[in-house]
Each structure stands twice: as C-alpha cells, then as structure tokens.
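Undergrad: Have a look at this one before I ask anything.
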C-alpha cells in the first residue's frame, strides 16, 4: 500500500444480511467509474481458517479466486461488480490471523512476550489489511463481517480503530450500514435501532462518518435530521439503501443520491465525473428481458439458495444476454427417484447438476442426468455434476452397473471417478494427495488451463483452443476408463494441459449435453456474461419453443 491510498471501512449493525457486500461492491463500482483503481477486502470473524470445509447451508457458497483461495461469497459480488480480480489477500478470517500469530510464537518471533489480542492479534489484522493492498491502488474498500456488538468482531473493529489513528482522517473513512425498520401498522420508520447501533460503535472508539440506512421505503429529510441529531453524523452523509428489483441497480441508486460524490469530497480524491453508461446498459438489458425459461437445478443444498450464489447469477446473466428471464426451479436430489423423476422435469427447459460433496442425494442426481440424456433435455453438469454424468454413462451405456466414485463408494470395484493423487499447478509446482490427507485446503484449487478438442461443441462455444477456468475438487475421471467411454460415444472435449486430467465431456448425439470439472460460474459477470452459460440458455430457449 502506498502513502496515498485511501481506505473505506464498511461495518454493519442491528442485524446481519443487510447487504454490506452489495453496498461495498456498489461503492467500488462508483469509484471505479470515476477512473480510480479500486480493490476490495472482506474480513470474516469466524475461527475457521477459511470457509472451505464449512457447510454451504451454514455459510453459503465458497467462492474460489484465480489463485486458488477458498473465500467468502461476497468476493463473488466484488468480482461481478468491479474489474479487479480478487486473490487470497482479499479475504482473511480470525482463524487465519490466529494461525499466523501462533506459528510465529512457536518460532520464537515474539522473543518470549505474552501473546495477547492487543497488540499481537490486532497488529496482525492491520498488517494483513495494509499488505493486501497493492501499491497502485487508489482506494481500498474493506468490509468487516458480522454485526457491531458481536464478540467475534471486536478484534477487527479495534484494529480498524487503530488504523484510523495511524493513517489519519484524510486517508480513512467509516461507512456504517444499519436497518431502519418500517412498521406498516403504524406507518412509521423507526430510527431507534440505528441510534443504538451507532452508539455501540462509538463505545469502542469508532465514529461513523457515513450512514447507509436499509429500509423498505425512502425516508424523508425529517427522519434524516433525527438520525443526524442522535448519531453525530452529518445529514448530507446519510444515505438510503432501498429495496430494488436487481442488485445491479444499487450503484445507480447510490449515484442518484450523490453517495460517490460525497466519498470523493470526504477523502479528497482526484477523480473525474462518474461514467456509468456501461452499468446503465447492464440494468437496461435486465429490464428489457421478454419471456421466461425454467432451469431445474438438482442439488442437495437447495434449501439455501445462497449455496449456489455464483451459479444462480451466471444463469441470470446468461438469460439477460439472451433476452429472457431465467427462473430456477430448485430440486432436492434426495426427493428424486425413478418413479417420480418425470414429474420434476416435465415443465423445465433444461437440467443442471451443480457441484457438491458427499453421497447424500447422489442417486437422485444420477437419475436426473439419465432423464436429461434419454429425453434430449439440455444438460449442464458442473464439478460433481460432471463426475456423476460419467458414472451414469458408464452404468447405462457401458453396462458397468456398479460404476461409482471412490469418494462416494470407497469399496467400489469400478471407480470411474478416483482421487487425483498428483497434479501440476499453473506455476509448475507438483501437488500430491492421498486418501488420508487433510480435507481443508488440499483440493485442486484455482485457475487451470484446459485444452479444447478440435471440432467439439465446447471448442465451438468458447471460440478458442484453450481456456482457463477455476477448479475446486479432489476427484477426477479415472483415466483407465477413458478409452472405453470414448468408444461408447462420450467425448472428452477438454483436457488438462498435460493431457492427464479430463476437464470437459459432451455427447455429440444429444441436443446439448455438456459437463465440466471446473466451476465456470466464478468468472461470469453481468457485463460480459459467460459463453458456456449463454450457449446453455440458448439451448434451453430452443427446447422450450419446441
């Protein structure tokens, strides 16, 4: 971080899930539209080292960066809103901070000192914030996870309080997001929760510079004056976060309120006028959609749609590019069997099986894949979805009835899917794993190059000889079965650069049947979409019209 970089800290109060991530990303979008180089960072107060082994039903999606970090789903928002790509430096947790401090204590780096939250933990938090910001960055927006008042967040709040003192008011800004409940029966907006949230923040030494108030409806100047009086925040530094039809409208709403202009003023930034024409085009495209296409997503985490956040957004973005609204029908794979499968898919235009781990609901997914293959329904499989597509093909086309994955059935005699014991990373380093390796941080993670087969549908879609997509898996197609599968009509249309790992499959006789080992949803954005998803949605549109 250079001596001119400005930092905006975004905190939240009253309740969680107010939209701190979207607000932070929207502010970054606005500043980027003014010609500034902006990066973002998310600090998570949980003690896990990363979210890699956490249940998606508790945490939501694990977003994978290009350099292989397993991170919070908010980093997906960041990449969809701004152009800068996130890395492992853009997200860290309490667990990672403590791990680093304890490792240094064991090495003797603290020279016998008693290790304490202050100064050792807070110093490590400050070090990670500052070292994670590149020298060419004009503004860094740092989102603090959790809610003010949570015991887990206190070391992070103390660290940013100290950074305000060390860097000065001209280089730091505190933006606090709170809830303004609207009581419909009384027809009133209640400001008391916001007052108490700001008071709680002041109690630990942080005075909010800007307030963002989440509310069902717009509030008028009388409410602003009341909030300003009791929170010690200037009235012109209080903004509304109102509900919108799509999160991509949020930057435009903030711009209309003069939010970005106020940030430029408060931080004395040398910025040009905002050019939001590209972002306005995105919103116009979303508003102009006509028609609807229904996609069935068959998974086991469907009770929490945040578990598939990037995938949902990739489908929506592809729909916008094709001029239709994508409606996702979430199907719990545990409920699907041979007797009822048709009832789940009779009204859908396409079927998708996403990534996942563990054996729960696997047979329902395989039955769904078989139904898509036999009934010429466009199908997309991702990660585990590709592995199960290979298993289904081996069972029902090759006749290997006990074909399975060694992850899901360790004693299977026909492991068409097996553990990757060795692979080469993009930087040339060789990774090795065994069945006894730790689960956390031991997968094939991050961006890897995939070489596409000439004449394949995948090659036609991507319009390239090779493509880089992000991975998160430890199992792959067993190379001992590849030749037999190809002889039976399955095409491996994408392979790793060393030709050892199967990355893409397709069935040429099918209307549209593609599955990939990677997670292409992580690189889809509302500006640019993603070619694979756009082709898939186009196939779904054509299928629904027939």
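Along the chain as shown, the residues are counted starting at 1.
For all residues, glycine too, the Cβ spot is worked out from N, Cα and C.
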Undergrad: Out of 356, 358, 361, 447, which does Swiss-Prot tie to the same L-glutamine site as 384, 385, 386, 387, 407, 474?
TA: 356
Undergrad: Which single residue out of 74, 109, 123 does Swiss-Prot record at the ATP site shared with 17, 18, 19, 20, 21, 22?
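TA: Checking 74, 109, 123 against Swiss-Prot: the ATP site match is 74.
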Undergrad: To the nearest whole angstrom, state the Cα distance for the pair residue 192 (CTP binding site) and residue 384 (L-glutamine binding site).
TA: 48
Undergrad: Please give the average pLDDT for the domain 'Glutamine amidotransferase type-1' (294-546) in this predicted model.
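TA: So the average pLDDT across the domain 'Glutamine amidotransferase type-1' (294-546) works out to 91.
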Undergrad: Out of the binding-site residues listed (143, 193, 194, 195, 356), which are within 10 Å of residue 21 (ATP binding site), Cα to Cα?
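TA: Checking each Cα against residue 21 (ATP binding site), the hits are 143.
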Undergrad: Restricting the comparison to the recorded positions 18, 143, 190, 191, 521, which residue's C-alpha is spatially nearest the C-alpha of residue 384 (L-glutamine binding site)?
TA: 521
Undergrad: May I have the list of same-chain residues other than 17, 18, 19, 20, 21, 22, 74 whose Cβ is within 8 Å of the Cβ centroid of the recorded ATP site, in sequence order?
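TA: For the ATP site the neighbour list reads 12, 23, 24, 77, 177.
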Undergrad: Using Cα coordinates, what distance in whole Å links residue 193 (UTP binding site) and residue 521 (active site)?
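TA: Checking the Cα atoms of residue 193 (UTP binding site) and residue 521 (active site) gives a distance of 38 Å.
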Undergrad: Does DSSP give residue 384 (L-glutamine binding site) helix, strand or coil?
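TA: In the DSSP reduction, residue 384 (L-glutamine binding site) maps to helix.
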